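Comments concern the structure below.
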């Protein structure tokens, strides 16, 4: 593939607390704000905006107050008129869109890095929306090269930005960082350190790119979600009647084949994988997905070829 010249990136917004009980991002944003107060903006080589996304939920150490804010950034929700009955998170999403966007406009911030934790054994997972955002994919490739403490994986949702519903979709480029396993309402030092390294390396890549470094092309392994799987439920009460099978628990990104165990019913029976196509489970037994009726996602592994990139000179 031919080299691609891209405009310089004006900076990055690092956002934590979009879910108020995912504490690595909350404390990392607070630490970055402390460093800025102590050392000034020169503490980073590029402009960095820090945002505590959902302050009311952070204060109460809850995922959200009224509704999941990370589902409030679609074009339709951002354009919904605000009334007295509007959920807090819809109001806050529109505030953030005004601050960091507007979404799909030339005035939107160049990059958002939104910080999340998961109770699933996902390691460090980078989530974004397209297979053709070369800047974001190069950052993912850079992190995969530099971080060795945990596996670094890329998850692509591949939907139009207008339909994209999470905070990072407000920016021209952007991705969310998921690090786990970590219980909600808890901060683990090892998970915090991994998240901080990912943010530091993102800032480092942007600085090098803006300074003229040529980043060679290559392949990036990614996972694209195909479907979601609910827990087995009682047909009348809809209550769970099985849990994730011990042989599947904590094995996010493994390859599921027909006949592999998925669930263990509370009466002792094993529910097996019956799909013909082998797929990879993600976000296995994520605490926050119980209310969404999701035991795990199933994804297909894909290989994306990306071109060399360098900054476009004036």
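Each Cβ is built from the backbone N, Cα and C atoms, and glycine gets one as well.
Sequence annotations record features per position, and here Swiss-Prot assigns Zn(2+) binding site to 19, 22, 116. Neighbour count (other Cβ atoms within 10 Å of the Cβ, all protein chains): 26 for residue 19 (Zn(2+) binding site).
Feature annotation from Swiss-Prot assigns substrate binding site to 63, 70, 71, 178, 289. DSSP gives residue 289 (substrate binding site) a helix state. Counting Cβ atoms from all protein chains shown, residue 289 (substrate binding site) has 20 others lying within 10 Å of its own Cβ.
Shown in sequence order, 16, 63, 115, 116, 117, 182, 184 are the residues of the chain, 6+ apart in sequence, with a C-beta less than 8 angstroms from the C-beta of residue 22 (Zn(2+) binding site).
For residue 19 (Zn(2+) binding site), the nearest of the binding-site residues 70, 71, 178, 289 in terms of C-alpha separation is 70. In sequence order, 19, 68, 116, 288 are the same-chain residues whose CB sits within 8 A of the CB centroid of 63, 70, 71, 178, 289, the residues recorded for substrate being left out. If you draw a 10 Å sphere around the CB of residue 116 (Zn(2+) binding site), it holds 25 other CB atoms from the protein chains shown.
Within the same chain, residues at least 6 positions away in sequence whose Cβ sits under 8 Å from that of residue 70 (substrate binding site) are 18, 19, 114, 116, 165, 166, 167.
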